[in-house]
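If you check TrEMBL, you get these features:
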DOMAIN    A:107-297  domain 'ABC transmembrane type-1'
TRANSMEM  A:15-37  transmembrane segment
TRANSMEM  A:111-132  transmembrane segment
TRANSMEM  A:144-166  transmembrane segment
TRANSMEM  A:178-198  transmembrane segment
TRANSMEM  A:219-244  transmembrane segment
TRANSMEM  A:276-297  transmembrane segment
Amino acid sequence: MSSFSVTEPSNRSKWFAGTLVILYALITMIPLAWIMLTGFKSPSDAISYPPKVVFEPTLEGYVNLFTTRTRQTQEYLDANPPETWYEEIVREYDMVIAGPSKFGERFLNSVIIGFGSTFLSIFLGTLAAYAFSRFKIPLADDLLFFILSTRMMPPIAVAIPIFLMYRQLGLSDTHLGMILLYTAVNISLAVWLLKGFIDEIPREYEEAALIDGYTRFQAFYKVVLPQAATGIASTAIFCLIFAWNEYAFAVLLTSGTAQTAPPFIPTIIGVGGLDWPAVAAGATIFLLPVMIFTILLRKHLLRGITFGAVRK
Amino acid sequence: MSNFLTGLMRLKRGPWEMLATILIGLGVFMLMQPFAIWLYTYSFITTLVGTVMFIIVSHFKD
Amino acid sequence: MTDTPAARAAQATPPNVARKIKGLSDRAIAWIFVGPTIFLLLAINIFPLIWTIRLSFTNFKANRINREPEWVGLRNYERILTDSDIWLNMQATAHFLFWTIFFQVLIGFTLAYLINKKFKGNDLWTTIIVLPMMLSPAVVGNFWKFLYQPQIGLFNYIVAFFTGKDPSSFEMLGSVDLAPWSIVIVDTWMWTPFVMLICLAGLRSIPDYIYEAAEVDRASKLRQFFTITIPMVLPFLMLAVLFRGIENFKMFDLVVQLTGGGPGSTTELTSINLKREAFEKWRTGYASAYAIILFVTVFGLASIYVKALNKVKER
């Protein structure tokens with residue numbers, strides 16, 4: 001039936017469309033592929049002209065990313081032969097590894113702040129979304145708009161008073177401060193998305209449970225939560241990606257202990273200017289999880305980016 | 001057009017929201033246009049009026 | 001009382017159920033559930049906002065806490081709104097806004113239209129195309145800076161390859177003429193998939209029977225495109241345009257990493273300008289007034305956006 005339908009495109013136009021889309025996809029992937037390749041180049045290969053597509057891969061960028069190095073005298077180098085493969089890479093430049101770099105710490109900060117704020121916004125967001133979905137709340141529409149509009153605020157505009165407030169409260173450059181801040185930004189998305197998911201669960205299920213003698217709380221976590229699990233999971237990934245990618249607040253409010261990876265990666269400096277392979281290695285490690293999550297999320301992507309307005 | 005005016009007179013939501021939307025749009029245009037600085041000077045007040053109006057009229061009945 | 005599904009849904013809980021609920025009343029639970037969210041938003045969004053409004057009428061400087069700030073009335077607003085340099089920043093923002101939206105709509109819609117031809121494997125390729133928009137804008141800006149390097153950068157090399165120019169003869173980020181376009185290119189690369197996804201949703205929301213009816217009426221394909229496809233996708237497109245407009249109006253991370261506002265102030269978008277006033281020159285009161293101006297603009301656009309959202313939702 002459908003193959004005879006007038007709305008089914010002809011094979012030729014399908015082939016044409018497919019070719020163009022694949023061409024676009026390949027072009028759009030070039031920058032990403034290039035940055036991943038650069039991570040495996042030596043510094044001289046990375047800045048060679050013409051740009052090298054074929055090169056001898058090395059883990060130098062990754063070693064430089066995770067370590068700090070110092071130059072040593074020839075006697076010292078001769079007296080202490082390299083013990084590990086990464087020590088060997090560094091030795092080519094007459095250097096020794098002095099210790100771990102800050103990248104590991106910054107990456108861990110991103111993980112802690114990302115997961116902490118995601119957990120908190122999902123926890124609070126699910127409760128609020130359930131209430132908005134099931135109870136009559138006075139001025140519900142205004143509250144929902146208020147919640148959404150907080151998401152739209154320009155970060156730099158809110159950053160001024162938050163900076164002052166955090167300085168007063170001693171929350172500047174702390175994990176807790178950043179978690180609270182990202183939670184506040186993410187909760188709007190969480191409430192809007194989760195409300196959509198919970199709206200789709202028929203009330204009859206809970207009502208049956210309530211008549212069976214469950215309390216509201218029991219009905220909520222025994223009936224509603226399991227049904228909303230997929231929605232909660234995809235909302236969580238959206239919140240996580242936001243907190244992971246956030247830069248403006250991070251660069252203004254953190255400088256040391258709680259600094260996340262995005263403000264840190266561009267500052268990786270090597271000998272004689274930016275160490276591009278190390279920067280590329282950092283970017284690769286940092287971006288890869290998001291790419292994997294995006295693929296997991298592909299069915300719910302549209303819903304997430306439009307605040308739940310477009311379902312499919 | 002006359003429908004629009006009677007809608008405004010009867011405090012209907014639709015036309016008033018339309019008016020507020022136009023004001024906001026105009027304000028944003030004035031803020032960023034490259035033609036005259038006095039338009040830029042009065043852009044903020046235009047957007048502000050439009051936004052406040054939007055919040056108020058969204059409570060009118062359809 | 002009528003027992004249609006609509007009437008049932010309109011009501012919080014049917015009375016026959018409500019009477020049998022054990023434990024706390026629904027009203028108490030509603031407030032317990034919504035309370036923390038509202039509290040958090042009040043503390044971290046609304047309270048700071050009110051504080052900003054207050055500061056915007058003073059000449060407070062955050063790096064000099066001991067000096068008692070003076071009340072200056074509307075003078076900060078007056079100075080910003082008559083400052084021709086800030087007006088130029090606004091125009092730089094407008095250039096960025098206009099061209100990013102133009103290219104993203106053009107390419108995004110075309111891609112969506114092609115993907116909607118449902119060729120084999122379109123799901124896979126859609127997912128690949130979408131990747132750039134999920135990445136961290138600051139890191140993306142940072143590595144595009146690498147691609148834009150004259151001489152060694154891949155972008156210059158590819159342009160040189162196709163045009164025959166010398167790759168070190170032009171600097172995307174260093175030249176006054178090219179820098180505004182360099183940020184347009186990166187933003188378009190990153191966010192075209194967003195417009196594409198929303199257009200695709202619009203195209204898929206058009207039921208087949210409308211086209212079938214048009215076919216019966218012997219309307220040409222071109223006519224169908226302009227009388228059916230475009231009008232039906234338009235609300236979705238509006239949504240995408242508004243969202244990108246709001247996001248790019250407050251653009252900070254991507255551009256600050258790419259150009260840092262330079263060269264000169266050719267790519268100094270409003271948020272970057274504001275950051276300089278607030279966190280480099282420490283003119284907190286003045287910057288607060290600036291922040292309020294940006295905020296009201298975004299808030300106004302956001303209310304239109306929510307209206308557009310609801311319109312799409314009804315479909």
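Backbone N, Cα and C atoms are what each Cβ position is placed from, and that goes for glycine too.
TrEMBL entries are annotated by machine, without manual review.
These numbers come from a predicted model, not from an experiment.
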_Stretch contact, the transmembrane segment (A:15-37) with the transmembrane segment (A:276-297), Cβ-Cβ under 8 Å, 3+ pairs_ = yes
*asked:* Below 8 Å between Cβ atoms, which of the listed ranges A:111-132, A:144-166, A:219-244 makes the most pairs with the transmembrane segment (A:178-198)?
replied: A:111-132
*Is the transmembrane segment (A:144-166) packed against any residues at least 6 beyond its ends, judged by a Cβ distance under 8 Å, and which are they?*
132, 172, 177, 181, 184-185, 187-189, 191-192, 195, 248-249, 252-253, 307
